């Protein structure tokens, strides 16, 4: 059993080294973007804005208002609070 395990591990290592040495580099032309027209064809990534992350996610830990206030201070406001709909409202 021990011989079989040593043989199996050695075989897997040898197989991975051989497959790495046989790998071909990617074509440079495949990912090359040339010019303004090519940039227009690339679709922008869509990112969702979750306004309730500070108040909703941290409400179970009991730090929801202080996390919202810290978030607002980092944005340059005077502080903030979580309203009834669990949205962080920053003071000006």
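Each Cβ is built from the backbone N, Cα and C atoms, and glycine gets one as well.
Under the heading disulfide bond, Swiss-Prot lists 55-82, 68-88, 72-90, citing experimental evidence as support. Annotation comment: Swiss-Prot describes 1-23 as signal peptide, evidence class sequence analysis.
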Could you tally the C-beta atoms, other than its own, that fall within 10 angstroms of the C-beta of residue 90 (disulfide bond)? 16
Subset of disulfide-bonded residues (55, 82, 88) lying within 10 A of residue 72 (disulfide bond), CA to CA, in sequence order: 88
For residue 68 (disulfide bond), the number of other Cβ atoms found within 10 Å of its own Cβ: 23
What DSSP gives for residue 88 (disulfide bond), in three states, is strand
Between the Cα atoms of residue 90 (disulfide bond) and residue 82 (disulfide bond), what distance do you get, rounded to the nearest Å? 9
Mind giving me a neighbour count for residue 55 (disulfide bond)? Other Cβ atoms within 10 Å of its Cβ, every protein chain shown. 22
Measuring Cα to Cα, how many Å separate residue 88 (disulfide bond) from residue 55 (disulfide bond)? 6
Here the Cα-Cα span from residue 68 (disulfide bond) to residue 82 (disulfide bond), rounded to a whole number of angstrom, reaches 7
